[in-house]
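Trainee: Residues annotated as active site, nucleophile in TrEMBL: Cys359. Positions annotated as active site by TrEMBL: Cys362. Here TrEMBL flags Arg152, Thr154, Trp165, Ser217, His220, Arg252 as FAD binding site. As annotated by TrEMBL, disulfide bond applies to Cys56-Cys61, Cys96-Cys131, Cys359-Cys362.
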Amino acid sequence: VVGVLDDCLCDITSIDNFNTYKIFPKIKQLQERDYFRYYKVNLKRPCPFWAEDGHCSIKDCHVEPCPESKIPVGIKAGLSNKYLKVANNTKELQDCEQANKLGAINNTLSNQSKEAFIDWARYDDSQDHFCELDDERSPAAQYVDLLLNPERYTGYKGSSAWRVWNSIYEENCFKPRSVYRPLNPLAPSRGEDDGESFYTWLEGLCLEKRVFYKLISGLHASINLHLCANYLLEETWGKPSWGHNIKEFKRRFDPVETKGEGPRRLKNLYFLYLIELRALSKVAPYFERSIVDLYTGNVEDDADTKSLLLSIFQDTKSFPMHFDEKSMFAGNKKGAKSLKEEFRLHFKNISRIMDCVGCDKCRLWGKLQTQGLGTALKILFSEKEIQKLPENSPSKGFQLTRQEIVALLNAFGRLSTSIRELQNFKVLLQHSR
C-alpha cells in the first residue's frame, strides 16, 4: 500500500512515519490512564432491526464488567460531563443537583408529561450527534476496563456476523439497487465482475457519499487488522496463545486472494485515520481551557493525563497534510444541509446496528469505535461552536460527555494500532518469503 490517497493530498509513507514516531507511543500511554481505560456501556440493549439469533457462547466473546470497587471515585461519581472543574466542587454539585430537581412542580405533572420532557431534552441534545448514545443512567449500563477486555479474534463469525456487516454496507452506504456488486467484502462476488463497475459507480458519487463509504470500509479494515494481529493461535493446557496470523491477514488483504480489493481496504483505513486525526487537531481548543480537568479523583494523575493529552493534540496540529473537511457540504445551503442530515442519520443507524452484534466483546469494541468516529464527525462539523468556547465556563453550544471523550481517544488509538500492526505484518511477510 503506497502512494497518495484519493480525495486528499496525503501520502501513506508520511502517515506511517508520523504515526510510528509521534502518535503511537503517546496514544498507547494515554489508553492506559485511568480516565481512558474505563468505558461505560450497555451491552444488553436489544437489536432494533431483527430478532436476535442468540448470543455467542464462546468464552472469548465474554466481557468482564468492572467491579464498583475498582472504578476511580471521580469517574463513579456520576455526571456525564464530570471532567469539568466546576462539576468537581461537591457543594456546587449538590446545589446543581438540587436545582435540577423539579421540586413542588413535580406534583402537578403526570408521569407521562415528565417522560415527554425527558424525551424532548434527549431529542434536543441528539441533534448534533452522529451516534445513538447509551443511557449511562440505565441499570444495564456497566463500566468495562478496556485493558482487561482487549479487542481480538474471538471465533465469532458466520451468518450472524455476516448479517451485521451486510446491513451496514447494503442498507446504509447510499448504494442504489442497480449496482450489483455488493459493497460488503464478505459477500460472494457476482460472476466475472472484478469490482471495477462498482468503483466506477463510487467515483461518480458526490464527495460526501464517497467519504461515507471510505469511513465504513476503513473501520472494517481496521477491525479485521486487530483480529489478524491478536489471533488465537493455539491453546495448550487451558492457556491461550495470541499473536499474528499471516494466513488470515493474506485472506483478508492480499491483492490476489481479494481480487485487488485488499489494498483498497487498507487505503480506506489510512483515510479514516486522517479524518479522526483532523478531528483531534480541531477539538484541541476545547481541552486547552483551564476549566477542563480530566477528573478521576487523583489530582496528580489527572494533571499528568491532561498534560499527555495536550501533548498529543500539539502533535496532531503539527501534521502538515490534513484532510480539508471544508470541501464537504459546501454546495448551496439548502442542498448541503439536507445532505449533511442524511449523512448524519445514516451513520446514526450504523451505531444502532452495533446492538445487533452477537458477541459481547465484538459489540463492546464495535460500539466504542463507531461512537469514537461519530464524535469525530460531530467535532468536524462544529467548528464555529468550538471557536466561540468561553475560557472559564461550560459551553452551551458545544459539549462532549466523558463517554464521547473516552470513545474518541480509544477509537483513534485503535486506528493508530492498526497502522502500526500493518508495519509489523509487512516485516513478517518479508521474513516468510
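Using the three backbone atoms N, Cα and C, a Cβ is placed for every residue, glycine included.
A quick note: this is a predicted structure, and the numbers were derived from the prediction, not measured.
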Trainee: Per 10 Å Cβ neighbour count, which of the recorded positions Cys61, Cys131, His220 ranks highest?
Mentor: Cys131
Trainee: Where the distance is taken from Cα to Cα, which of the recorded positions Cys61, Cys131, Cys359, Cys362 turns out closest to Thr154 (FAD binding site)?
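Mentor: Answer for the nearest of the recorded positions: Cys61.
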Trainee: Which of Thr154, Ser217 (the binding-site residues) has the most other Cβ atoms within 10 Å?
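Mentor: Output for this query is Ser217.
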Trainee: Given the FAD binding site residues Arg152, Thr154, Trp165, Ser217, His220, Arg252 in the record, what is the largest Cα to Cα distance, rounded to whole Å?
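Mentor: Among the residues the record ties to FAD, max Cα distance equals 21 Å.
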Trainee: Using the alpha carbons only, what distance in Å do you get between Cys359 (active site, nucleophile) and Ser217 (FAD binding site) once rounded?
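Mentor: Given the Cα positions, Cys359 (active site, nucleophile) is 21 Å from Ser217 (FAD binding site).
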Trainee: By a simple count of other Cβ atoms within 10 Å, which of Arg152, Arg252, the binding-site residues in the record, is least packed?
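Mentor: It is Arg152 that, of the binding-site residues Arg152, Arg252, has the fewest other Cβ atoms within 10 Å.
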Trainee: Is it possible to get the count of other C-beta atoms within 10 angstroms of the C-beta of Cys359 (active site, nucleophile)?
Mentor: 23
Trainee: What does the structure give for the C-alpha distance between the residue listed as 'active site' and Arg152 (FAD binding site)? Integer Å is fine.
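Mentor: Approximately 8 Å lies between the Cα of the residue listed as 'active site' and that of Arg152 (FAD binding site).
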Trainee: How many Å lie between the Cα of His220 (FAD binding site) and the Cα of Cys61 (disulfide bond)?
Mentor: 18
